[in-house]
Amino acid sequence: MTTIVAPPIKSITSIDNDDNVDGVIEKSVKKPVSLTFDQIIDRFYKHILTWDASDLSPKEKELKPVKVSFNNEEDYITTYEPLLFEECRAQLERSIEEGEKDDTSEPTLSRVRYISEVNDFLVVGLVMAENVNIFQFHDNDLIMISLHHPLIVFGMDEDEEMTDDEDTAPTSAATHVGAPTKSTTTTTTTTTTTTTTTTTATTNIIDDPNKTTEDIKKKKKVIPPSKTPITEQNRTLHLIGTVEHLDNGGIKVKFYVKGIKGDRARQVSLLLRYEIDWWTTKLCNLSTLQREFAALYQCSQSNFMKTLMMRDDDGEDGIVMKIPPLLHDQFSSTYNDSQLNALTSALEGNAITLIQGPPGTGKTHVILGLISVLLHSTIVPKVKSGGNNLGDHLLKDRELSMAEKRDLWNISQPWFNKEFPHIRDNYELIDYDFEERDQKRKRDLWRKLRDTGSVKGGSTKRRILLCAPSNGAVDEIVSRLIRDGLLNADGRKYNPNLVRVGPGSHSDVESVSLDYMVRCRQQLMNSNSAIPSSSASTAAATSGSSRSTQDTSSIRTLVLDEADIVATTLSFSGASLLTKMAGGFDIVIIDEAAQAVETSTLIPIQHGCKKVVLVGDPKQLPATIISPLAIKYKYDQSLFQRLQEKNSPHMLTTQYRMHSLIRAFPSRHFYQDLLLDGPNIPSRATHYHSNPFFGPLVFYDLSWSTETKPGGGSVFNEHECKMAMYLFQLFTKVYPDEDFASRIGIISPYRQQVLALREIFKNYPGISIDTVDGFQGREREIIIFSCVRAPVEEGAGIGFLSDVRRMNVALTRPRSSLLILGNTKALSINKDWNELIQHTQNNQQLIPVTKDQPLEIIIPTFTTRELFTELSEKGQQIVIPKPRTEEEINLQKQKDIEKRKKQHKRQKQKSKENDKKKQLKKRKELNNNDNNNNNKESSNKEVQEITNAEVVKDTEINNTKRARTRR
């Protein structure tokens, strides 16, 4: 089993003080220990499962910034490990705060079926109610079991009610697109069996792309009453665990109680032995983070560790290849110079090659060429000083196939061959020239290996792992591979043996998905169909196919072994299905590499590859990171971005997407003015450009518009929404015979604006409306870009609209026309936006839209060139404020921080006052109850005294009567 060098771990207080717990990472590096893969995974969970879900405060003192280069493996691991845990903490915190997006994640009641201890972990079997869908749980799900409802654990009172408008607000400006969105729930308790109860719920998602704020119906969260009395000691009693797998109608969960501080672990461990109901809540899934963590440790055993550390004394260690002549000739006619240079750069001796693909430069086309080149190029031998011979060096850089090893063995030991005549049987067989001929034979063998990569001629079969951060990016390349195919060594087109692996793939690529291919192979085997004689591997797999069913796992392995290209996401490349493949992969190609954190990029590198090609653009949007602290310490930086500090990427410079007037600013501002127009760009000039209000580039200045925050969340600009609609109506009015809906895309940085635009354009389903982040990688003929930001407060910032990478993505989506809607007064405080506004102003592309008349009256007049010239001249006269300096920005940030601190202080004070009011109310109720009890006691006492007095009086009267009678 592979052993990994790990940094030391210091123990934390637990139930047993003798236990050394994998919890907190020690700052001072001591002698490293060796960890197997299972120990790495245990280390990951021992850290996370000790967390207190009711107090997930960050630990900044454990973090350190990502550097450009690292001293050694320990320096590398101890930098990224705390940052990975911080991001995990932030994801868990967000999941707890906002809830899951669907009602399948609602808390339910469960009971313990069994408990066992395995390798310091507490393994618990939980059984659910019959009406609970246990298939909502998956391997590596993080769950919480608690004595009381999770909302009580997180700080709410049992009698507290909360409506949706209090608890759910639109996604804030700082929220990254793609992150979980806030949801609200309504929970009711229903009895299902004699011992087990569960809950049902309805979830409303304010951030649903098909709904606006007005669509959300107000509901109330009601916390079911607890069966166990709530006390300060048991209010937050809970454990965090991870689901191992489904288990006979329930789930098998792993907990780690030894590392938990305080008395919580002991109390829960005792209560687990009793037949009581536990609230079980699904929090999030840790599969990707677990794979990143394992890859972080395993990378120390990879061929790329020196490259990852980026030490100056490290030389290149990769293999060198050359393109076959016929294939090179074919590429010369179908690829431009920058694309061809990128292809040849991947064949150089660099272990990792960087290819930068700005928008519209044919990045996917280059990836297809890369696959053709890397599958069919021949290996160029390295000549190093001090070596014994050429074969020794080739053997170091390449693993020989079994056939090649057998040929070498036969050459070196021919007497083991049955047909070899023994020398003692015939002395005439003595060959005194054997040594010389043997040397010649070896030289010929290695020459053939050098020229073809195989002793049998032709190229050895190489295997490529093709990855991207998202399913959409993977499916885009796979669909192009299916449609366009590849080129072989002779420059002829062919369809490669391609397999798409992993869940979430698009229906367009189903024909090459692993599950589909396995089903087809099973049907073929079970139908007793004739086996094609050309497929020896299939014949071997179907020997004895008289059985009605086949081993799915074996068929899956067979399909993967036959594949030339395996395509999957970065995360799924760490699944056991691929990590256990025999032989691994020779080459890894990662698309959109600049959109992945470095730890994600490490996952596919585990497969023993000799070469990695990273394709991406660090000038566009980075990976989505939840933790602001992790971003502060550069955890969101991609491996591509860090490596380019030392190694300049090969940039594609010819763009085929944007009209030259649209391309001009992004090229100058983001790409050092290196982008050139392809031969097709003149065709981007269309007939509707005769109306200059339709582009190619127009900035409509709504300097009087204002933004609002419905519910205090995401930003919304009503005036820009109306402007977008009236511009679309103007298109259809001027050109009534044309379908513009399918050619227009409307984008905005803010989700609430997107929701409002979708509501306005709901009768035009052909129009694509999305966030800037959601539109990355896509394009439309016409793009309307709503900037939204127009804060009322003077000096206020423009939020994440100031991110220059988001700005780049927005400006590079259109082919023919880009219409920008924005408030120049608000945007010009930012340096980058100020330059764009100045650019449009200098080129007579800035059109002021006044508020003297309603938009529905002004915009229909935007049809004549004379009016455009008149308005653009007014636009040139607009005084654009200077952007804020760095000092002013920092000062504003400090003011914002102070403002937030004051708001937090006021909220805290208000919360304390509310708590005091609640306490006073409870005290009054208690006093009233006590007074009532005292009054009752006093009244009872008086009644008793009166009764006693009457009894005494009656007794005296009776005694007097008796005495008289005696007389």
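Using the three backbone atoms N, Cα and C, a Cβ is placed for every residue, glycine included.
These numbers come from a predicted model, not from an experiment.
Looking at 529-553, 829-853, the range tied to region 'Disordered' in Swiss-Prot is 529-553. With the fewest other Cβ atoms inside 10 Å of its Cβ, the least crowded of the binding-site residues Pro359, Gly362 in this structure is Gly362. Look at the Cβ of each of the binding-site residues Gly357, Pro358, Gly360 and count the other Cβ atoms within 10 Å; the largest number goes with Gly357. Looking just at the coiled coil (890-949), the mean pLDDT is 71. The ATP site, placed at the center of the C-beta atoms of Gly357, Pro358, Pro359, Gly360, Thr361, Gly362, Lys363, Thr364, has further neighbours from the same chain whose C-beta lies within 8 angstroms: Val366, Asp617, Leu652, Gln655, Arg657.
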